[in-house]
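Worksheet for the structure shown next.
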Amino acid sequence: MAEEKNEELQTEETEQTKEDGHGDSAEQEETENNSGTEVEEQEEPEVHPLEIELNELKDRLARVRADYENFRRRTKEEKEAQAKYRAQGFIEKLLPALDNFERALLVEPKHEEAKQLLQGMEMVYRQVEEALKQEGVEPIPTEGELFDPHLHQAVMQVSEEGYEPNQIVEELQKGYKLKDRVIRHSMVKVNQ
């Protein structure tokens, strides 16, 4: 009987060990499962509100920098354009006087004194033209050219032999450009 009790005790111990071992493996599995969840949770890090704010501030800073660079570029371009065309207002005011000079030079003098006066006016006119040329002002070419609405203003249309359609027949008032900008369009007669 003592042997039977020993066997029963051993059987119970073995069963308990199996249960304990089984229990251990369940705990191990649970621990493994929990650690797997923790790994998954670690893969998706929690974004801290301060990090979000930092990223937003970095984005705003980048936009402000870009805006500032655009502002600097625009300001520089405007200053360059101002310097390039600084004389435009003065030249626009000078053009009517230049037109009157040209008309005066077309008059045929009858007296010797008038001829000398005309020669002096021609010298002054050439000096004014040269000064304008040095500032980048040049007359717009017209006669024989094809009509260009960006450069010319058609005042009359005529039908003349020897001219192509849209070819300028006569210049009625001289036009001028300051560098690449038209100050005043040429007034012209255009062939139909």
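Just so you know, glycine gets a Cβ as well, placed from its N, Cα and C.
Annotated features in Swiss-Prot:
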- 1-14: compositional bias 'Acidic residues' (COMPBIAS)
- 15-25: compositional bias 'Basic and acidic residues' (COMPBIAS)
- 26-44: compositional bias 'Acidic residues' (COMPBIAS)
- 45-59: compositional bias 'Basic and acidic residues' (COMPBIAS)
- 1-59: region 'Disordered' (REGION)
Residues from the same chain, set at least six apart from the ends of the compositional bias 'Basic and acidic residues' (45-59), whose C-beta lies under 8 A from its own = none
Key: Number of helical, extended and coil residues in the compositional bias 'Basic and acidic residues' (45-59), per DSSP   = 11 helix, 0 strand, 4 coil
